[in-house]
């Protein structure tokens with residue numbers, strides 16, 4: 001249905017957006033592209049613009065996905081050669097596929113409890129039996145020891161150190177090396193929190209008579225966080241997963257730098273290499289999104305395993321088509337790129353884990 005806003009009777013002599021003079025035959029401004037219309041806004045205009053933009057994006061998204069799936073490397077070459085209106089922007093497409101993937105991944109990894117494979121009553125019976133086995137009756141000079149296990153625990157508890165055994169003064173810390181002071185504070189904070197469950201860092205530092213600095217407050221908080229992490233690692237895992245799109249966004253430009261060095265004699269510049277990297281990573285997200293859906297439905301991991309094999313073949317074909325090199329050269333560079341990829345991924349992954357924990 002044709003919009004009434006584009007009718008000749010509503011056309012003006014000046015663009016309302018950029019002020020350029022217009023003729024009546026100008027349906028759109030030749031300078032900025034805005035529709036030449038003086039018609040007042042109506043509710044239908046909002047819906048018309050929304051759905052026209054949505055359907056235009058959907059058609060480009062489907063076309064982009066179809067060509068990306070079945071013709072490795074072509075979409076990157078087309079985009080670089082200027083054929084861009086028919087495809088979704090590579091970065092926007094990358095973000096869309098990333099969001100879809102992490103939504104599916106978040107659903108797949110949702111905690112549903114642990115199945116121990118035994119009935120609760122059966123487990124209770126077994127635990128009671130184990131407890132009975134640990135009971136030892138000993139008659140020694142008229143003394144009956146009915147529960148050796150409890151006595152050993154009681155004996156050990158009297159020997160356990162408290163946070164008082166790890167107390168250090170601020171003066172002592174000031175004379176230590178960084179590593180020694182770090183270790184001393186970690187031990188002290190850990191034992192203090194276990195005994196007091198004090199989560200207020202300022203109060204804890206005052207009671208321990210240590211400097212109430214930003215670093216000490218942060219360190220005390222990290223000791224608490226680490227204890228919570230050990231008890232329930234899922235909280236931190238979910239937090240880390242939430243940061244993965246950002247981590248990948250940082251990782252991809254770094255990897256592209258190595259990609260451009262491997263193909264230094266190619267005709268492409270850095271941004272054109274990055275376009276190929278965005279499309280390849282988008283394909284990775286699409287494949288693993290489909291694989292996760294299959295695995296969720298079938299309750300196994302066959303989908304992800306098949307996706308691994310398909311992506312290896314897809315990446316090889318993409319490199320061949322995009323860079324237009326022979327089989328042997330492509331295989332060698334493919335292997336080198338995989339080594340670089342996993343090395344970088346490990347380094348970035350470790351930095352991300354420690355960095356994420358630091359700001360957790």
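Backbone N, Cα and C atoms are what each Cβ position is placed from, and that goes for glycine too.
Predicted automatically and left uncurated, TrEMBL annotations should be read as such.
On a predicted model such as this, the values are computed, not experimentally measured, just so you know.
According to TrEMBL:
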- 91-107: transmembrane segment (TRANSMEM)
- 244-264: transmembrane segment (TRANSMEM)
- 276-296: transmembrane segment (TRANSMEM)
- 302-319: transmembrane segment (TRANSMEM)
- 331-359: transmembrane segment (TRANSMEM)
> Are there residues at least 6 beyond the ends of the transmembrane segment (91-107) whose Cβ is under 8 Å from a Cβ of it, and what are they?
Replying inline: 61, 64, 238, 241, 244-245, 248, 278-279, 281-282, 285-286, 288-289, 292-293, 296
> Where else in the chain does the transmembrane segment (276-296) make close Cβ contacts, counting only residues six or more beyond its ends and a cut-off under 8 Å?
Replying inline: 65, 68-69, 72-73, 75-76, 90-91, 93-94, 97-98, 100-101, 104-105, 107-108, 248, 252, 255-256, 259, 268, 302-304, 306-307, 310-311, 314-315, 318, 322
